[in-house]
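Enquirer: As listed in Swiss-Prot for this protein:
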TRANSMEM  6-26  transmembrane segment
TRANSMEM  39-59  transmembrane segment
TRANSMEM  71-91  transmembrane segment
TRANSMEM  106-126  transmembrane segment
TRANSMEM  131-151  transmembrane segment
TRANSMEM  169-189  transmembrane segment
């Protein structure tokens, strides 16, 4: 597999992480280096590990994973999305919104945005292609796109109405990504 093909796959896989990072950038009040590091590290790590897991899973479980991977990604994204919407209606003054770069929310987003990379790993095993170089490029590309998405999102968050409804906009983006994943897997046709 040539370098251009690997990079093309990496960019395509990074798009979900990029979109989620934009939503996270809008959602967060201020973004520090820790936010950048946590989100980029986790998204990059999960994007790099999933092809390796898929590659080792190989043909033995390929059919099972391919049948349900899109549903897993959708339900994880929907779960996080509905929690964000629920939190947006919590009017308490002392209410603090959950940071998408911490805890269970971070892990769920990392898994949901990297499920497609698992399928890529399965494909690489079928093609008898080594997974190590693609996994490295995929992880680094996802981390870079995540940082770019956070930067774009934080700038977009300066728009007053967008800042006020950031959690709902972010939830909508996550739900849209989940629905797009289902559409790409032929659920709606």
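Glycine is no exception: its Cβ is also placed from the backbone N, Cα and C atoms.
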Enquirer: Looking at the stretches 39-59, 106-126, 169-189, which one shares the most CB pairs under 8 Å with the transmembrane segment (71-91)?
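Expert: Most Cβ pairs under 8 Å with the transmembrane segment (71-91) come from 169-189.
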Enquirer: Cβ under 8 Å to the transmembrane segment (6-26), counting only same-chain residues 6 or more beyond its ends: which ones?
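Expert: Distant contacts of the transmembrane segment (6-26): 35, 39, 43, 47, 100-101, 109, 112-114, 116-117, 120, 133-134, 137-138, 140-142, 144-157, 162-163, 166, 169-170, 173-174, 177, 181.
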Enquirer: Who are the long-range neighbours of the transmembrane segment (131-151) in its own chain, taking Cβ under 8 Å and residues 6 or more past its ends?
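Expert: Same-chain contacts beyond the ends: 1, 6-7, 9-11, 13-15, 17-22, 24-25, 31, 35-36, 39-41, 43-49, 51-52, 55, 113-114, 117, 120-121, 124-125.
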